[in-house]
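Sequence annotations record features per position, and here TrEMBL assigns transmembrane segment to B:6-24, B:36-57, B:77-98, B:118-138, B:144-161, B:214-239, B:270-292, B:304-322, B:334-353.
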Amino acid sequence: MKRSQSFIRWFFLLIPCLALSGCWDRRELDEIAIVMGSGVDLTDDGQIELSLQIALPMGIQGNMQMAGKKKPVMLVSSKGTVSQDQIGQIQQQLSRRIFFGHRAVFIIGENFARHGVDQTLDTMLRFPDSRYNCFILTSKGATAKEVLSSPYPLEVIPSIGMKNMQVGKYTFAERIDKFLDSFAAKGFMPATGAIRLIKNGQESSFVIDGEAVYRENKLVGYLSGTHSKAFKLMRDQGSGMKIPVRIEPAGKLSTGMITADLLTTRREVRTFVSQGPPKIEVEFRAKGRIIANDTTLDLSKPANLSRAEQMLSNELQKMISGLIEQTQKEFQSDVLGFGDILHIQHPYAWKKLQTEWLDTYPEVPVKVLASVILERIGRTQKPGHLPK
Amino acid sequence: MKVTGLQVFWMILIMEVGMTLVMTLTPGVQAAKQDLWIAILVAGLITLLITFLVTNVTLLYPGQNLIELSQTILGKWLGKAVIVIYLVQWYTIIPIVLRQFADVINIMIMPETPKWAIMLIMILLFSYAAYSNGIVTISRCSEILGPIIILMVILVLLSSVNNIRLTNLLPVYADSGALNIIRGSLPSASYLGHSVEYLMLAAFLYQPRKGTPYAYWATIGSILVVTVALAMAIATIGINLTPTLWYPFFEMTRKISLFGFVENLDPLTIVTWVASVFIKLAVYMFITAYGTAQFLGIRKWRPLVIILAPIMLWFALIPRNVTEATTNYLMNYWVPFVLPVNMIGLPLLLLIVGKLRLRAQA
């Protein structure tokens, strides 16, 4: 009796050992093709083109001496009608298995975005090795493939360069999950950073200096300049932003401009529902410091400082209302998520509003208030170079 | 075979927390939307009612388990009929949990491993635990694994704090309404209602009379953990995506990113979750084998484990796809039948008839 029992116990324990050793999903490092960035385009003949930037371990290993000889990445692409099918086609070009776990960026080509982003979105979520910490970008004036094949001198792998730009706070960054979430939301339209190619002397490179605005699933336009800045402020990615403003007419020795660096920003949105379209009030508050004073004024004097604060507040107010007007009139897209706030503040009214919010939004009156507090003015009081 | 109160506490807690976190979020959110946390509190009330009924039933005849108890209270034939209803529950839950476990592994981390291989490892492991020394082995395991599992849940929650956006939980109540909140509470209630297994476990306690507080604390503890964890999962993922994901709790751990280098923690969570599945399956395997043996009047229950294991593996391969195993079983059997009958109705019947019988004797 005892012997048979212990035999059965050993049987229970030993069989799993056999099964545990044979792993169907085993993937060794030298068997996978690590995708660092991927992009999707619509070609002129209506096909979808998928491009993958794959890291070449051989190119990275040799460090700086080798870097010139071997390329650190390779670009593969394939055309077709279904994006998932093209991954299979690309696989046929590769001796290693495609692995998406380290994908840093996903670039949507401008042409593709304008015709509607749809089927590729599902691929991002359904795959077990798709990760959330991948950034979404939309290309501007170039295809995603061109952007992915552009070299980038500062990093070994260009996609890592894009990722680090997005992690740093100087570009508008949107991750996959938030992007998908805004597709599903009724009161919140998707937006991504916009990436375009530039030439630095002889070398070509890329820059992320604007935002792509979507309406439902279609790209409707790009934000740039002050509107792009205002957009980052409104999406709580504005700390560290530099805002120049004129506070006195240009003189002989000065341009009359100061530049403020925003330290913390806070936006508050209030919505009002009564008869007719709802009303929206945006209150924007920021704390900042002066980092450049090219005027004749001594900012340590309270009167001058409050003048600077006043001018800055006006400037921010103008920037934000300009942005809102552009989203309402030009894009007709609620990228700032006012609908979501309306949903939270007036849930019962929203039930009626949500069906036609896309058409209501351009008509909604928005009032913008902005106020800035300057906490510090830097190491000097009066500009040091001015004659006493 | 004797267990301590603390061991019973951990067993019930693990059985309730592990599966509820992973399996009930999606069906709950589909009904109650962002008010799921209210729904879980409602589910908690239902669960406390179940615990109240169950503990009081065991106090009628301390030292008797469900199989003996129902025959003592309801007589031989009616008692046996009641046992059959419970046996159906036990015989179906093991294959389903096993299949759900394999689905999670397949969907989340190992898409190409055949499911029989995943299940085979698990079934041999928990059958070993049930076979070797029955409830004693299992309860000792849960005493060790329980704190680790809870620690994992707490760690996941703490490291997700920077990902949550509380506005995802707003507006409260307006989007769902009372009816939807109650509908959303049922899946959670049916999974949290595992305190019903206390009917079988209580008889193994050193002091069956003193087990009641442990059952209550296990229930309260799991309600708290589940409420906080699921509210955080919704606040992290958002109400638009949560209803479309199979396992939002794991997706939440996928989003953890600390200091730029602590990332992709989901395999760790899944492995600890597997520990909770192991305890749950082992407990069910033991009470199924032990209960069947007692029901059929077989003196030795151990050989039944060996007979049951391949049968369970075969049953687990029957559901055709993930929807049949996870959603259909939950929505067509567990919620409409097990919750009202096995978890509330029959314990209530046993309690009332038992009380009357004791009064008549006195």
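Each Cβ is built from the backbone N, Cα and C atoms, and glycine gets one as well.
Source: prediction; values computed, not measured.
Between the transmembrane segment (B:270-292) and the transmembrane segment (B:36-57) there are fewer than 3 Cβ pairs closer than 8 Å, counting only residues 6 or more apart in sequence, so the two stretches are not in contact.
Listed as Cβ neighbours of the transmembrane segment (B:77-98) (distance under 8 Å, sequence separation of 6 or more from its ends, same chain) are residues 19, 66-67, 70-71, 119, 122-123, 277, 280-281, 284-285, 287-288, 291-292, 295, 308, 312-313, 315-316, 318-319, 325, 329, 333, 338, 341-342, 346, 349-350. Here the transmembrane segment (B:6-24) has Cβ contacts under 8 Å with residues 47, 97, 100, 104, 138-140, 142-143, 145-147, 149-150, 153, 187-188, 190-192, 194-195, 197-198, 201-202, 205, 211, 214-215, 217-219, 221-222, 225-226, 229-230, 247, 249-250, 273, 275-277, 279-280, 283, 326, 330 of the same chain, all six or more residues outside its ends. Between the transmembrane segment (B:304-322) and the stretches B:36-57, B:118-138, B:214-239, it is B:118-138 that has the most C-beta pairs under 8 angstroms. When each of B:36-57, B:144-161, B:334-353 is checked for Cβ pairs under 8 Å to the transmembrane segment (B:214-239), B:36-57 comes out on top.
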